[in-house]
Amino acid sequence: MPETPLFRQPQTLAGFAARAAIALGFFALVFLAWQVRHAVALFFAAIVAAVIIDALAGPLTRRTPLPRSVTVPLVLVVLFGGLGLVLTWAAPSLKTQLDAVSNAFPMALDQLESWLSDNLAGVSDQVTTIVSHVAQYTTLAVSGVTGFILVVITGAFLALAPRTYARGFVRLFPVHRRAPLEAALDNAGRGLKGWLRGKVLSMSIVAVATGLGTWWVGLPAPLLLGLIAGLAEFVPIIGAILAAVPALVLAVSQDMQTVWWTIGVYLVVQQLESNVILPLIHERVAHLPPAILMFAFAAMGAVFGPVGIVIAAPLSLTLYLLVLDLWVRPMEDGAEAGAQSGPDTG
């Protein structure tokens, strides 16, 4: 293999300086990427938001004379307007249930701490520490709201001209690589849209089933608990565990029989989702094995924090589809072509 001009004379000072500059540039790029990792996570979340907006605005643009500059804002107005109407309609019930939760929660926490102190030594101190960090959690919530607004705005701009941004990214690569890369990006986008449609369906079913189940058990705020369970379902596996925590805390304030019934409700809902809903959805959309998802949660959570856990599933699915189209399938096609063009031994 011919040597590149840069390394023909590695003994010279100029060659050494060039290699050192490349190495320093690489490490500087890695350091910069690490410093802005949270911004990178928010940007991918904005891409997911853009895919959702495009899934709604795209058909509207194709079937009506309205340009994308009108359909994208229209979709946002309908989405947030509809959400506002639902919240307005449910506000009295939600307020009543929030009041019930706020009244029951302190007593529930006291009873939970008392129960833990009797059964698990040292855990009561951890519960007290968690409760004392309310101000820190409030700051985190404000930061989350700010990030959400940024994600929606950036996603709207991406949805206004998705092809422009995709072509701009593809142009960073050599000409002979652009066509397969563009096809792979299109396929990943379709896969992500299908995954999101399936996720919205499963979130809705989990929210309704959890709300009905907690209402049947007799917990306060079943509407709120169902809403929490549905939203938490966006994060596979981990979200279901986190969604059960507030329900169990409220159940402790009543009696242990209610606790066991609550655990049963959440287990039944998750079994329904895992064994009935998800198999039906996975027949029609791309998905990832649970082991890969758990690794993605651990890795993305360690690098990007809470935002990384939220986007771990869609990001992993996108990378999985890109690896399939850009590496695995071309390699398999090349191997098959080589086998077919081999010498005839007959």
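Glycine too: its Cβ is placed from the backbone N, Cα and C atoms.
Remember, TrEMBL labels are computer predictions, not curated facts.
For 12-34, 40-58, 70-91, 140-161, 200-218, 224-252, 259-281, 293-323, the entry in TrEMBL reads transmembrane segment.
If you look at the transmembrane segment (224-252) against the transmembrane segment (293-323), you find at least three C-beta pairs under 8 angstroms, all six or more positions apart, and that counts as contact. The listed stretches are 40-58, 70-91, 140-161, 259-281; of these, 259-281 has the most Cβ pairs under 8 Å to the transmembrane segment (200-218).
Within its own chain, the transmembrane segment (140-161) is flanked in space by residues 42-43, 45-50, 52-54, 57, 68-69, 72-73, 76, 306-307, which lie at least six positions past its ends and keep a Cβ under 8 Å from the stretch.
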